[in-house]
Amino acid sequence: MTELKNDRYLRALLRQPVDVTPVWMMRQAGRYLPEYKATRAQAGDFMSLCKNAELACEVTLQPLRRYPLDAAILFSDILTIPDAMGLGLYFEAGEGPRFTSPIKSKADVDKLPIPDPEQELGYVMNAVRTIRRELKGEVPLIGFSGSPWTLATYMVEGGSSKAFTVIKKMMYAEPQALHALLEKLAKSVTLYLNAQIKAGAQSVMIFDTWGGVLTGRDYQQFSLYYMHKIVDGLLRENEGRRVPVTLFTKGGGQWLEAMAETGCDALGLDWTTDIADARRRVGHKVALQGNMDPSMLYAPAPRIEEEVATILAGFGQGEGHVFNLGHGIHQDVDPQHAGVFVEAVHRLSTPYHQ
């Protein structure tokens, strides 16, 4: 494999010295870029874009042509696993993802297959291999999956939700059915991420988008327990390098200590958590990724730079910080503002690494 020309993202995740703080953006390949919209129109629809390795590679590389980002992230969706399990994923205009056959009972769970990542999800692995080839060692490639809990919310609710009453009803009235589903999902995610690593992903991230809707006790039992199982089952070395693992629970700032106990290398922070506080609490165990409010990118350039400076100062001197937004970039952000953000991170972080 090609030697990595820029490995500062991987080094920062392992709390090793870097010259400047590395930066990438969640959803950096996305609808805020006109070139993304053009490629998506060419594909026809979102899942066709995900399933075409050449086009998925093209949109993965688009933000790297605009900005000096320190990592590429696979263009895919967290719902590829439930789709491969046969739930009938489709996208409703203005509604987001929906499933034709949501999970309603333990009997439904028992019927679910565990997808073979090189068969039913082979299109994802083809995309990983294509992107790695086209990156030519410029920056590392991040692979990812949704967490078992987050995937289960979509599978049981039948799509996006605001109150999560359907899955919480299952959690409190039929916990054994939900545990059976989460167990299957944990196995599926482990296989899926390991296949991404073998195909060329140099770091992986688990997105627990909806863990923050749980009580502390339920988070431990129904979300973190299964992420811990996945971390235990992941390949941690490939191509002679450690493959760092990042866990990200949106709204999970109060559980960082428990998350750091899983054996992951880094924790993602949303913008509601103070990064200085997070470093005091868990910085001796894990790297931290984050955590500017994505809405800050609507601000004028000086305000964006001021916010970058504040977060860098909050983390302070030394290693173990990957700069990112606290969640995905919004689709109506001016691409020039994203450029201001990336440039500011590199320029303003130099003194913190001397």
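Note: Cβ is positioned from N, Cα and C throughout, glycine not excepted.
As recorded in Swiss-Prot:
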BINDING   Arg27, Gln28, Ala29, Gly30, Arg31, Asp77, Tyr154, Thr209, His327  substrate binding site
SITE      Asp77  site 'Transition state stabilizer'
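Features recorded in Swiss-Prot, as mapped to the structure shown.
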residue : record                             : contacts (Cβ under 8 Å, 6+ apart)
Arg27   : substrate binding site             : Gly328, Ile329
Ala29   : substrate binding site             : Tyr36, Val59, Thr60, Gln62, Pro63, Ile73, Phe75
Arg31   : substrate binding site             : Lys37, Arg40, Gln331
Asp77   : site 'Transition state stabilizer' : Phe46, Met47, Cys50, Pro97
Tyr154  : substrate binding site             : Leu79, Pro82, Pro97, Phe99, Ser160
His327  : substrate binding site             : Met26, Lys250, Asp270, Trp271, Pro294
